[in-house]
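J.: Okay, handing you the structure first.
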């Protein structure tokens, strides 16, 4: 039985929607258990309320929990071409796991959202992957066997580095069906590889 964690930070809900799709894909793989958790929020309740961020009652993860999983799929919105500070802060607390080699050989994968088509999707994904590589994780992306990656019928997120969505400059655009298809594919693909490595 492979244990997958979908771990995310989402301010306006785009990444939460993508996380649900990723988890849905992972759950399609028999013999896989999937948990969805979020990293702790760093902004005050007042600041979140003023920004119009919706409440999120998803369980909050602790860094030491990561060692309990065979595969971890991380999701974060883009902040100036990098992961959000909340995810960075969480990963910066995993030094103890790194020192003990607790994540070596575990599967790692990433997904993101950006405000625009060229708003830093790939730099965000690769910056997240860099941290996972320092932990010795086995990085899994989205291969081109996912036909939705080559969809030219719409402006869409999705890269070989990981699923992505375009939120628009005001955050009003929600993940498209094509983007959710890529997210589900990624979740399924990660679970299949995790099963092979954990078995």
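Quick reminder: no glycine exception, Cβ is built from N, Cα and C everywhere.
These came from Swiss-Prot, pasted as-is:
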type    : residues                   : note
DOMAIN  : 4-190                      : domain 'Flavodoxin-like'
BINDING : 10-15, 78-80, 113-119, 134 : FMN binding site
BINDING : 12                         : NAD(+) binding site
BINDING : 98                         : substrate binding site
J.: Once the chains shown are all counted, how many other Cβ atoms turn up within 10 Å of the Cβ of residue 119 (FMN binding site)?
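T.: Result for residue 119 (FMN binding site): 21 other Cβ atoms within 10 Å.
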J.: Between residue 13 (FMN binding site) and residue 98 (substrate binding site), how far is it from one CA atom to the other, in Å?
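T.: Given the Cα positions, residue 13 (FMN binding site) is 30 Å from residue 98 (substrate binding site).
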J.: Given the binding-site residues 113, 116, which one has the fewest other C-beta atoms within 10 angstroms of its C-beta?
T.: 116
J.: At a 10 A cut-off on CB-CB distances, which of the binding-site residues 12, 98 has the highest count?
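T.: Checking each of 12, 98, the winner is 12.
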J.: For residue 98 (substrate binding site), what is the secondary structure by DSSP, using just helix, strand and coil?
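T.: Residue 98 (substrate binding site) sits in a helix per DSSP.
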J.: Between the Cα atoms of residue 119 (FMN binding site) and residue 12 (NAD(+) binding site), find the distance and write it as a whole number of Å.
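T.: Here the two Cα atoms lie 17 Å apart.
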J.: Just the number: how many Å between the Cα atoms of residue 113 (FMN binding site) and the residue listed as 'NAD(+) binding site'?
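T.: Cα-Cα distance, residue 113 (FMN binding site) to the residue listed as 'NAD(+) binding site': 11 Å.
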J.: I'm trying to understand the geometry here, so how far is the Cα atom of residue 10 (FMN binding site) from the Cα atom of the residue listed as 'substrate binding site', in Å to the nearest whole number?
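T.: So the Cα of the residue listed as 'substrate binding site' lies 25 Å away from that of residue 10 (FMN binding site).
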J.: Using the residue listed as 'substrate binding site' as the reference point, find which of the binding-site residues 12, 78, 116 has the shortest Cα-to-Cα distance to it.
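T.: Nearest in space to the residue listed as 'substrate binding site', counting only the binding-site residues, is 78.
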J.: Give me the count of other Cβ atoms within 10 A of the Cβ belonging to residue 78 (FMN binding site).
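T.: Counting Cβ neighbours of residue 78 (FMN binding site) within 10 Å gives 23.
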J.: Any idea what the Cα distance is from residue 78 (FMN binding site) over to residue 12 (NAD(+) binding site), rounded to a whole Å?
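T.: A Cα-Cα distance of 12 Å.
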